[in-house]
Amino acid sequence: MEQTLKGDETGWWVVSDAVQIWLPQGELPCGTATKWSLQGKTARQIGEWQEQPVWLVCQGRDTDMASVRQLLDQDVGLFQLAGRGVQLAEFYRSHRFCGYCGHEMVRSKTELACLCHHCKERYYPQIAPCIIVAIRRGEEILLAQHNRHRGNMYTVLAGFVEVGETLEQTVVREVMEESQVQIKNLRYVSSQPWPFPHSLMMAFMAEYAGGEIKHDPKELRDAGWFRYDQLPQLPPPGTVARRLIEDTVVLCRAYHENEG
């Protein structure tokens, strides 16, 4: 439930303008509302971290606003809560008015939703399901440079789930569309909320089954097979992409040792 801060409330503070998050000294603020000049602001508790509440304040600040990506090297639980706050701030920003009748909406007091009292419509935060997959061929892993990524970073293939697809069908389709490679022995690994802007990444590993790499230039700048000990620049630690690559490297090394 939302409440007006009196000043003595304490915990972690996710202060977001729906795009960025407030990170004074590069860290998520912790302490009392008064310490961070938040008294009088409207806040909602969105979770707990280290036995302290995590509060969301939907408001920007004049300084120290940054991407939640800066928290990637923090504990995964803290990053997820910060990402949750940014996604909720964006949800509230984009759902001020009802998409059916145009009337102003109110935030639910009992759940994470926006309500229209005029037409009784109810809106929940959107989540975009995505797959991400590491493909192994012997002692090599398929990595690609995505057009949307800056610098020379290579990562595994990924894409959004389409209407009516299973996750497994999405993996096969995305891999074929982006690389023209066939896969086998697909298995689920883990998932990661990804607040850019509101995705849920579902991670898989697979083995190469056939085909020659022919990357889609609309999606990728480059794609190729890389030996486990000759890898290019990789995604940062804390990402599910990095975990997939590291797990695949273990399999590649074991294959090399067994074959050698």
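Cβ atoms here come from the backbone N, Cα and C positions, even for glycine.
DSSP classifies Tyr124 (substrate binding site) as coil under the three-state reduction. According to Swiss-Prot, the feature substrate binding site maps to Arg69, Glu111, Tyr124, Gln192, Pro193, Trp194, Pro195, Phe196, Pro197, His198, Ser199, Ala241, an assignment based on sequence analysis.
The Zn(2+) binding site feature in Swiss-Prot is assigned to Cys98, Cys101, Cys116, Cys119. Sequence-distant neighbours of Cys98 (Zn(2+) binding site) (same chain, 6+ residues apart, CB-CB distance under 8 A): Glu104, Met105, Cys116, His118, Cys119, Glu121, Tyr123.
The divalent metal cation 1 binding site annotation in Swiss-Prot covers Ala158, Glu178, Glu219. Look at Ala158 (divalent metal cation 1 binding site): DSSP puts it in a strand.
Look at Swiss-Prot and you will find Glu174, Glu178, Glu219 tagged as divalent metal cation 3 binding site. Within 10 Å of the C-beta atom of Glu174 (divalent metal cation 3 binding site) sit 23 other C-beta atoms, taking all shown protein chains into account.
Taken from Swiss-Prot, the feature divalent metal cation 2 binding site applies to Glu174.
If you take every residue in the domain 'Nudix hydrolase' (125-248) and average the pLDDT, you get 96. Under the heading domain 'Nudix hydrolase', Swiss-Prot lists 125-248.
Sequence-remote contacts of a segment are chain residues at least 6 beyond its ends whose Cβ falls under 8 Å from one of its Cβ atoms, and for the motif 'Nudix box' (159-180) they are 128-131, 133, 135, 142, 144, 186, 188, 199, 202, 204, 206, 211-216, 219-220, 223. The feature motif 'Nudix box' is assigned by Swiss-Prot to 159-180, with sequence analysis given as support.
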Cα distance (Å, whole number) from Ala158 (divalent metal cation 1 binding site) to Ser199 (substrate binding site): 12
Candidate binding-site residues Cys101, Ala158, Glu178, Glu219, pick with smallest Cα gap to Pro195 (substrate binding site): Ala158
Neighbours of Glu174, Glu178, Glu219 excl. site residues, C-beta within 8 Å of centre, divalent metal cation 3: Leu157, Ala158, Gly159, Val175, Glu177, Ser179, Asp216, Leu220
Using Cα positions only, nearest of the binding-site residues to Glu178 (divalent metal cation 1 binding site) (Arg69, Cys101, Tyr124): Arg69
Divalent metal cation 1 site, defined by Ala158, Glu178, Glu219: further same-chain residues with Cβ within 8 Å of the Cβ centre: Ala144, His146, Leu157, Gly159, Glu174, Glu177, Ser179, Asp216, Leu220
Cα proximity to Cys101 (Zn(2+) binding site), best match among binding-site residues Tyr124, Ala158, Glu174, Pro197, Glu219: Tyr124
